[in-house]
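*Asks:* Sending over a structure as structure tokens; questions will come in a sec.
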Amino acid sequence: MANHVITATATMLEEMRNHYASDITGHLPAGALFVAKRSGCTITAYRTGKVLFQGKEAEQEAAKWMKESDQKEAPVPQPPLAAASAIGSDEVGTGDYFGPVVVAAAYVAKDQMDAITAMGIKDSKLLTDEAIRRLAPSLMNMIPNQTVILSNPMYNDWQRSGMPQTKIKALLHNEAIGKLVKQLSPIEPEAIIIDQFIERDLYFRYLENETNVVRDHVYCYPKAETVHVAVAAASIIARYVFLQEMERLSKEVGMTLPKGAGAQVDQAAAKLIQTHGPAILEMCAKLHFANTEKAARIAKK
């Protein structure tokens, strides 16, 4: 199916909505302003200003609006990986005292890139929790994905055994990627892109004793969400699952658990200690963080 994307101003979006008024459907994907279905073409306009034309008449339909738009965006020089059908992986939770570590792997094929980009998919750190909750469910239905959740008790066990956090992340990334590669089979991704947290050589050194290691076409890039949209998609999925886990843990302990590792977290942990005793932190926190000692001191006051 042919895809074509143009960028529209707010005025132009309103003109398009009026033009396609008789063709507008009721179902809206995440981030969309309207969807119109015409013979040979589906038009999806997004809040980002992107308008996606899909179908055999996509180019012809988009051409009607090209003079009013910014014209085709000048092609930006990109690394070859940016155009590949690829798996991206990213993690969330390693800097948060409360909650698990979540790694997500997501696969975006070439013919899905325009649709995913038009949705406004970008690094989850640039999006609010509300935006994550709005975008992620649709995204997870659109593309193959896998997540791995490392619970707090397991994280604490691994950390007490002397395992560095970088190795923990390497194990989780490899597991999530491996699950997705298996799900995709017989399709083979052209690239597997990890949001870099260590050098590639050290990443594989951490995995040398593992039985199942995904090695082919693996790349590690800093700010990898700018290299391929699959990494941005993975970051959104990982954060969405992390938010769900935080909600679940909050219900279990009877109070809202804050994100991060600041003073607000110290106070929350101290309240948990006072209410339930220090053992409660084992099941909802990363105990090696300095917050544990700070909370213990506050709880004694």
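Every residue gets a Cβ built from N, Cα and C, even glycine.
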*Asks:* Hey, Swiss-Prot has divalent metal cation bound by ASP90, GLU91. Any idea which of ASP195, ASP201, ASP216 it lists too?
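*Replies:* Site partner of ASP90, GLU91 for divalent metal cation, according to Swiss-Prot: ASP195.
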*Asks:* Take the mean position of the Cβ atoms of ASP90, GLU91, ASP195, the recorded divalent metal cation site. Which other residues of that chain put their Cβ within 8 Å of it?
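*Replies:* Surrounding the site, in chain order, are SER89, VAL92, VAL103, ALA104, HIS173, ILE194, PHE197, ALA224, VAL231, ALA234, SER235, ALA238.
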